[in-house]
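**Student:** Sharing the feature lines straight out of TrEMBL:
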type	residues	note
COMPBIAS	532-542	compositional bias 'Basic residues'
COMPBIAS	544-565	compositional bias 'Basic and acidic residues'
COMPBIAS	595-616	compositional bias 'Low complexity'
COMPBIAS	632-648	compositional bias 'Basic residues'
DOMAIN	511-568	domain 'Signal recognition particle SRP72 subunit RNA-binding'
REGION	526-648	region 'Disordered'
REPEAT	224-257	repeat 'TPR'
Amino acid sequence: MASGGVSVASLWTEVNRCGQNGDYTRALKALTKILHENRDDVTALHCKIVCLIQNGSFKEALNVMNTHSKVLGSEVVFEKAYCEYRLNRVESALKTIEGAPEQTDKLKELYGQVLYRLERYNECKSVYTDLIRNSQDEYEEERKTNLAAVVAAMSQWESTPLEDLGLPDSTYELCYNAACTLIGQGQLTEAFNKLRQAEGQCIYKIMFVLLQDVTEEDIESELAVIHSQMAYIMQLQGRTDEALQLYNQVIKLKPSDVGLLAVTANNIITINKDQNVFDSKKKVKLTNAEGVEHKLAKKQLQAIDFNKALLSMYTNQADQCRKLSSSLQSQNPGHPRPVLIQVAQLCREKQHSKAIELLQQFSDQHPESASGIKLTMAQLYLVQGHVTKACDVLRSIEEFKHKPGMVSALVTMYSHEEDIDSAIDVFKQAIEHYQSEQPGSAVHLALVREAANFKLKYGRKKEAISDLEQLWNIWQKKHKILSKHLPSADTMAFNVDVDELENSHGATYVRKKAAKVIGETLPKEQGQVEIKKKKKKKRGKLPKNYDPKATPDPERWLPMRERSYYRGKKKGKKKEQIGKGTQGATAGASAELQASSPPTSPRPGSATGSSAAPASNIIPPRQQKPAASGATRKKAPQKKKKGGKGGW
């Protein structure tokens, strides 16, 4: 078997050379020959599994491990868990890792990835924090990037307070994850600025660090995820036109990330709503791509499914809408949105009573999610004109029934129904609630005052007096408590310079100083009274033609037109029209001829025939003046809208 030994050695040399060159296909051929000689060679089996993983043959690698599990034992725990993870068997990968005899750094790295996919973010954060603290190698930056992704996911999907882990933003991946965290915290402007920073870092890395000949399309493809997130911020800020333009640019690039395409297409659908339905139907196909379910979080997939159901409702596909909403309800039994979609579809079909029954059934089964459902029920009752039933539903919402807005709505509706007693009862219950929970608060005092005003308006004076007395007592107690903190009058008046106080910056009234009088004033004798000088009245100016003996016109104060002797302006006499008409004819003769002559054809624009109404009462239609031939009309310059386009 010497020749066989030499052959095996040369095969191992071939395997080693191919492994260094990355030619795993040729390495597999050599390993197959080695295993033909020795079927249970552990090293050869391990190398074969690694080569299959490098070639992406995860199922085949897993079959090799399962077939030789007794021989391999725990030698290939990491490889097995990794294959299960890549085949999206995340639960199996978790069991494999947790059952490993020793938790190596490689297994911990994979464990963090598995926990992230399972959306167990708190445990995942602990794993990565421990790895960063206890390891020092070239993968520290990648671990920090993964930790930043975990923090961003917690900010987006969980309502837990976040601690500052001191993560840097030295790479565009870290910067992007920091922006996602800011979005989850509602800091949209800061998040947009952070995405701008990530955009610049990404371009710099592609063009100067990688040192490759890249095209503009390559750069845009790499920036697609950043631009899609920018568009999402614009959408949240109400800049839908800019967001839609940026979303469509990302779609045109056709990035390889199916998750990015699905999210971008879904956001376009939410902007379209019930408009541009044809475009939305095309975008829905991108959300159905293979592998999307493994790329997105559960809440993202849930939102996409909700939008599919709404789109089917907007496109009048009632059966499909019911099917999708029923499926969503079975998957999320406590979530109110699938029921609301079904109710919306029933309302489109004018089945309001059935919609109310469905809402009542859900609120009875899931009281923890009944607040929004009951508000919808009240709205439907109002649509049908059942105001009292709507009030009963609103008063049954324990979470909102004492809120000032709810009290205002209930009082308004009861007043509309002229049920004053019920409106007063609403005030009473709300005041009692705040009397026990927040006595003397601003809301409590405002409700008492409004209740008193309402009762006075409807003649309930005794009840209004009771409320005002309660308000007085509360204010009196407050004043007494506050007055205890004030210093005494003696302390406040002690060593106070009045002039300095009046001349201070905060003085609202400053005493005017008396003007200085030139010369000395003599002191008045006792009993002497100061005599005030009387001012002489000036006589008014008289007209030039004034005659004191003539009697003034009694109508001189009236306008000229209203005086009794006014006869109007004299018009000049018409001159005789000499030389007009026939020779030797006078003006009267020509008038007779004109009166007796037959009517001529009417001129353009004049009334035809005789009319009883005078011509001055007829208002002709207004027409635009025709433009001169050869002339062109100029439009007035329009004012430019302020603000430019956003985007990148």
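Glycine too: its Cβ is placed from the backbone N, Cα and C atoms.
How buried are the listed features, and what sits near them?
**Tutor:** Residue counts of the compositional bias 'Basic and acidic residues' (544-565) by helix, strand and coil are 3 helix, 0 strand, 19 coil (DSSP-based).
Same-chain residues lying 6+ beyond the ends of the repeat 'TPR' (224-257) with a Cβ under 8 Å from its Cβ atoms: 172, 176, 179-180, 183, 188, 191-192, 195, 198-199, 202, 217, 263-265, 267-268, 270-271, 283, 286, 295, 645-648.
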**Student:** Please spell out the DSSP helix, strand and coil residue counts for the repeat 'TPR' (224-257).
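**Tutor:** Taking each residue of the repeat 'TPR' (224-257) in turn, the totals are 27 helix, 0 strand, 7 coil.
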